[in-house]
Amino acid sequence: MGLPNAASGDLSSEMEVDAFRRLFPIQFFERHLAESIRPDGRALGKARDTTIALGPVSSANGSALAKVGSTTMLAAIKMEVMTPSIESPDEGCIAVEFHMPPICSPIVRPGRPAEAAPVISKQLSDTISSSGMIDLRELSLVKGKAAWMAYLDIYCLDADGSLFDAALLSLAAAFSHLQIPVVALNDDGKVVFVSEEEGGENFEKEAVNKERRKLKLNSLPFSLTCLLHKNYILADPTAEEESVMETIVTVVLDSSGQLVSFYKPGGSVLAYTSAVQDCVALTRQRSKELQMILDEAISDADTLTFDLAVTDSTTEVQK
């Protein structure tokens, strides 16, 4: 069957464009790439608009909602006291779990776990470890007796490409928002949670920490996923672009711009040195953008917390 309109480039209606896009997806995208533009109007090396909201889950000790285009991740951290291992008596632990419920994508079937979920969970755990963003000794409470276990759950609410990038961003934001709960030693020498009103003074033994505190983060990792197609490099691909052009690479850099990891899970296009260098350069630029977005979200959250504290203080004075 001939497609004269497609061949001549004269797609006269939206229906014809959509039909051509579905029937000949590679040709559709290559027509755009030849003009150094993508179907959504972005330049090849430009990422989608990104937003971060801190503290959306009130029951969590730290949480964040990150959106990269339509891709949406909700990260929540819950802190629990555990007994540290004999091998690492002065270190806590972090457990990461990435979830893809059926609501996030039509390719995720109810009752069947998404194949990407355990892969991304492992990548996130490896990134935390290899980037050195968290010193696990910061999670120690009483050497050999008590330490923090940080359970991080990341839920993909909308899977529209670059899942690892958005998940890692939500992870970094959630840990930036995290506040370590107040705990103290009770009469039996056990570590127990203490309400802010109680503090550590009501216990005969010294409080482990007398007030909530932020977790010290040494270096935040940021990533950028790129598609390699012929001699083109597309930053932050959508799900449609990933399905059409299958060669994907993901670069992870820390806050100082040092390479943390490089993922290339296959694909028909080889990652030549020049392509890798270009991907790293794009990631370095993207990391600066994400750091600014996160800093702004932290500033907004701190301002809101301060305003609420002032309001509460004013209310108490009036009473």
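Glycine is no exception: its Cβ is also placed from the backbone N, Cα and C atoms.
A quick note: this is a predicted structure, and the numbers were derived from the prediction, not measured.
The domain 'Exoribonuclease phosphorolytic' feature in TrEMBL is assigned to 47-181, 220-269.
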**Message:** Please count the residues of the domain 'Exoribonuclease phosphorolytic' (47-181) that DSSP assigns to helix (H, G, I), strand (E, B) and coil.
**Reply:** 38 helix, 49 strand, 48 coil
**Complete:** Helix, strand and coil residue totals from DSSP for the domain 'Exoribonuclease phosphorolytic' (220-269) stand at 6 helix, 23 strand, 21 coil
